[in-house]
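J.: Starting off with a structure, shown below.
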Amino acid sequence: MAIAAAPPLKLSPYLDPQQQPRLQTEFNPIKRVPFLSSRNPLLCVCKLHRYNFKCCLPSSSSTNSVTPAQYYSFLDESFRGSRVLTNEELEKLKALESFVYLQELESGSLWVRVMRIEEMDMTVGLLALSFAESMFMSLQYEALLRFFVKQYLIERRASMPHAVTLVGFYREEGGKRGEELAGTVEVCFDKRGANASPPTPTPPRNSPYICNMTVTKELRRRGIGWHLLKASEELISQMTSSREVYLHCRMIDEAPFNMYIKAGYNVIQTDRIFILLTLQRRKHLMCKKLPVSNSFPEPDMSESGEEPPS
């Protein structure tokens with residue numbers, strides 16, 4: 001994905017999947033593009049598919065921990081600019097570097113870790129396709145969506161270690177296709193990583209928040225969405241003492257809603273009906289209090305869902 005150099009455009013489209021984007025163009029050679037900035041979460045938790053497999057979570061002492069060959073340092077990246085990190089932030093960055101969630105599925109293996117800089121473009125592509133699909137947009141808008149999504153991911157990446165983008169990679173049993181990007185999810189840990197204007201109903205700014213989850217279309221119905229959720233909670237347990245985790249779910253997304261309920265989430269608040277006047281879907285704000293030792297019930301194999309981003 002590439003866009004020719006040009007004065008930045010000021011765009012303010014609606015992000016609800018049921019509304020076509022309405023663009024307001026204003027040439028401004030100085031200001032950055034605000035669309036999909038940290039003030040506008042790109043997508044709510046979405047595309048959570050069949051979750052059929054019993055799992056176990058790796059601990060820091062598990063043999064599933066990162067090996068030296070897998071080690072990657074975010075401190076070597078230049079995205080942070082002149083920002084000075086505190087000792088606490090440095091320790092949290094080290095925790096992000098070493099985080100890995102491994103899971104054997106019936107059809108192959110899945111591992112989830114923090115997105116690296118060289119994986120940004122493939123993650124951008126996955127999110128842009130998911131967003132276009134949810135909005136029923138023509139593929140001719142894909143390049144434009146990729147541009148906006150990349151600006152968003154760059155901004156969110158600069159907020160590490162207060163928020164992070166996770167990516168999941170999948171290897172089919174037999175390894176004929178090799179490893180491939182299976183999905184992605186964003187996790188905010190505290191108010192410094194929170195979006196300035198989150199979706200309604202508004203979650204507490206200083207509480208962990210899960211959003212922007214999607215699964216590669218060809219890899220749906222394999223339990224990947226369920227394990228992206230589990231990996232997010234495992235990381236939250238390691239990164240913060242706060243145990244109340246929030247997420248949004250649209251009222252029309254029955255299958256994800258059922259999964260969240262089974263995973264231990266409860267509805268805290270629901271959009272008022274007047275939100276429909278803004279051409280947005282009504283959403284539930286859901287919350288789960290993580291136990292000290294995080295565990296999940298076995299998913300119901302009869303449930304499945306492929307819901308668009310909200």
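If you go along the chain as it appears here, the first residue is 1 and each next one adds 1.
Glycine residues also receive a Cβ, built from the backbone N, Cα and C atoms like all the rest.
Where the annotation comes from TrEMBL, it is an automatic prediction and has not been curated.
Below are the features I grabbed from TrEMBL:
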{"type": "DOMAIN", "residues": "161-265", "note": "domain 'N-acetyltransferase'"}
J.: Can you give the mean pLDDT for the domain 'N-acetyltransferase' (161-265), rounded to a whole number?
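T.: Residues in the domain 'N-acetyltransferase' (161-265) carry a mean pLDDT of 93 in this prediction.
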J.: With DSSP, how much of the domain 'N-acetyltransferase' (161-265) is helix, how much strand and how much coil, in residues?
T.: 29 helix, 34 strand, 42 coil
